[in-house]
């Protein structure tokens, strides 16, 4: 009889541990939560953490023309408001992801929420373009500490495939696109009533409240942690950290300043930054393959599905954030909308984003994820086509409105599928580094995309067409960026047939 029981335990160990395990996993609340209310509040806080970079981006994009006018900023300085935070965030994500996995996530998460509130408050007092761009870079650094840690906490709590995990990660993923739109709306309202500085002060208030809530409801981190000692530091990849920060930083910086340099991309120091950045990234990859305690587990890239998913996601994110920037700019510059009206006209992204994330949480486990990625790539491409073919004076409802509603379908579906796969590809002890790999790819693609589209915008602005579809049309530079965005997402569509991924999140 004892032997029979032992055999049953070996066959179904998950059904004989706790009362919670006797319930369907989709209905079992993780034991670290005292109540459903605490669980909901935790997911809300985690979503706000994931939304932090997007909230900042949405805020800076909507107020960009008003800040530029007030501080006499050039087009490049205006784009640096967004690029600076993307640069620092992308450079330090792997570093903070590894630190969180080794030494604990909860403290880093809460402290970074508080620091974001502090520096957002300081940004509102900026008196010149340099100060504003530098503080945006600091805010990006804080985002780098926040996103992988909250993603790691979420991944360690919901570590088993189930519908509840799908719902939690769908809410978390919603933070990325919805954060942008809510950041836009709040910034637009604050700017309309009190001026652009109030937009940053409002961010400070919101995240100060989130910090207080997080302090009381984020569960204690019981995952394996190393004590802060010399022996523990030997397990930290200092060389890899230096290479990735320097490489990504130099590459991003070179891309960001290239279009504004005296000789453009041929300027010697721009070429030096780009070449050194690429070389350091190459050396980083080599080092990670030989380091006993790598910052990034390189074996994850041997997974064919993982590599394809990341390629498709990156091609989409090369286009999505820059598209929103230039849509906001032409609404302000050509249509002469106020910050509030700009935010209202970008509201379709909110409604569409909420609906798409709800659907994603419900279908990830039952609908082919390859099909979802294909729908996302098609939605991206159609959205950019719609916004590209319009001209000055064309109807917002005929072109921009459907484009904004459709583009979020692409962003959210691809983000949900790729995020779920990445978090499932590494063990519980490496959930933060898994999140940082995912976020680094997206942030670096944002920086590259912004630099490419800014260069295209400037080039077309300086050499407008005298004949053709956009002849003498001030919308032509914007259209050029949207056509380039469509080319990027169409390339991602061509990769979808090679995917073999089916469904994710089975109980």
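Glycine is treated like the rest: Cβ placed from N, Cα and C.
When the ranges 21-39, 78-96 are checked against TrEMBL, the one recorded as transmembrane segment is 78-96. Relative to the transmembrane segment (308-331), the listed stretch 477-499 leads the set 269-287, 371-389, 477-499 in CB pairs under 8 A. By number of Cβ pairs under 8 Å, the transmembrane segment (138-158) is matched best by 40-66 from the list 40-66, 238-257, 436-457, 477-499.
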